[in-house]
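Colleague: The structure that follows is given in the form of structure tokens.
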Amino acid sequence: MPSNKSVSDAPIVQFTNCRILRDHQLQREDLWVREGKILNPEKLFFDEKGSADVQLDCKDSIIAPGFIDVQINGGFGVDFSLATDDFKSGIDLVSRKILSHGVTSFCPTLVTSPPSVYHQVLPQISVRNGGAHGAGILGAHLEGPFISKEKKGAHPEHCLRTFEAGAFQDLLATYGSLDCVQIVTLAPEMRRSSEVIRELTKRGICVSLGHSVANLSQAEEAVQHGATFITHLFNAMLPFHHRDPGIVGLLTSDKIPAGRRVFYGMISDGIHTNPAALRIAHRAHPKGLVLVTDAIAGMGLAPGRHTLGQQVVEIDGLNTYIAGTKTLSGSVATMDTCVRHFQEATGCSVETALEAASLHPAQLLGIEHKKGTLNYDSDADFLMLNDSLYVQATYIAGEEVWRQDVSGM
């Protein structure tokens, strides 16, 4: 049957012999792609009388939406919190390398830094689509410096700041610009944080609560003002206490505004969060769980000394510490590793594990109409995986951008 070229001359690719993650289930059907979008085959057959120009046999692979990492500090020797003259080549390197981890979009993350670093780095980050050059950039995630001294974790204390009178102007002066900013992590117990949360939310910027000693009512108030995310749950916050569960209590709070969902990031690397804690969070609020790597410059490198912003860190296996201490500082786990560990630790379904790294981060950022699903007309950013959830190939806008080399296996 000839293709009907009246709608588009672009080739139609049909991926066959696969199981597609759609509507929270793996469904045995074909995936149709044209011009970087996922096609509705019924419209193609009946409205256009069209057919595929190319058929690809997926050999019974799983096809899932591309992973979205909303908290990644760097990797492969590149630190997003270091102001360098070749910052752009660094971000390009990371965006290219994480394709093999199944990441098709990400938010480069800056830890607490002096204003001069934000002023130099942020103008060099631009939102862009992914492709053969690497994963797409959704905007920066600024983690600090408006965080708690008591829960600073790996953030340098001398760079921490509080909100002064004219709090939002203070934040603007610190960052220099919010043009490419997608997420800001702050401590909600800080004075004047409510007005800052409202102003950021008004501008479409996601506010995340983290590195904080907030109690539950302070956290709930922040959500009522617009906060929607929790930065690496359990890490750098007060531990759960039955009389005041703190930020962790948001997972089961009855004070969340109607129609609103609170999401929470989890570093599922087997180091930052005990598997039992991962299970507790997942069972309490499965639809809010967002897998993040929190990866640092040492991801993909040999053990030894590396940087995280202003600090020196030591990597020992999967453990990363501020040099000379036992303070955990980010992760060196890859996103596909986090997905596999999450599935193994919680015993959740394959579908649930994959959605925690794709659908949920897309919902958090309000881009689920384009990313994080394989719905018709969404971006054709997807992965082929085997049953053990190892990535075999990565596609962005329907084009193969990475494939596992099996020749040496």
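Our numbering is plain: 1 for the first residue shown, then up by one each step along the chain.
Backbone N, Cα and C define each Cβ position, glycine as well.
Heads up, TrEMBL stuff is auto-annotated, nobody curated it.
OK, TrEMBL features for this one:
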type: ACT_SITE; residues: Asp294; note: active site, proton donor/acceptor
type: BINDING; residues: Glu143, His211, His232; note: Zn(2+) binding site
type: BINDING; residues: Ala154, Asn235, Ala236, Arg243, His272, Leu328, Ser329, Gly330; note: substrate binding site
type: DOMAIN; residues: 62-401; note: domain 'Amidohydrolase-related'
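Looking at the shown structure, can you explain where the listed features end up?
Modeller: The Cβ of Asp294 (active site, proton donor/acceptor) lies under 8 Å from the Cβ of Gln71, Ile72, Asn73, Thr109, His232, Gly265, Ile267, His272, Gly330, Ser331, each of which sits 6+ residues away along the same chain.
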Colleague: Going by a 10 angstroms cut-off between Cβ atoms, which of the binding-site residues Asn235, Ser329 has the sparsest surroundings?
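Modeller: Candidates: the binding-site residues Asn235, Ser329. Fewest Cβ atoms within 10 Å: Asn235.
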Colleague: Other residues near the Zn(2+) site, CB within 8 A of the CB centroid of Glu143, His211, His232?
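Modeller: Here the nearby residues are Gln71, Val111, Gly144, Ile147, Gly153, His155, Thr185, Ser208, Gly210, Thr231, Asn235, Ala236.
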Colleague: Please report the Cα separation of His211 (Zn(2+) binding site) and Ser329 (substrate binding site) in Å, rounded to an integer.
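Modeller: Answer for this pair: 13 Å between alpha carbons.
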Colleague: Cβ neighbours within 10 Å, counted over all protein chains: which one of the binding-site residues His211, Arg243, His272 has the most?
Modeller: His211
Colleague: Neighbour count, 10 Å Cβ-Cβ cut-off, for Leu328 (substrate binding site): what number do you get?
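Modeller: For Leu328 (substrate binding site), the 10 Å Cβ neighbour count is 20.
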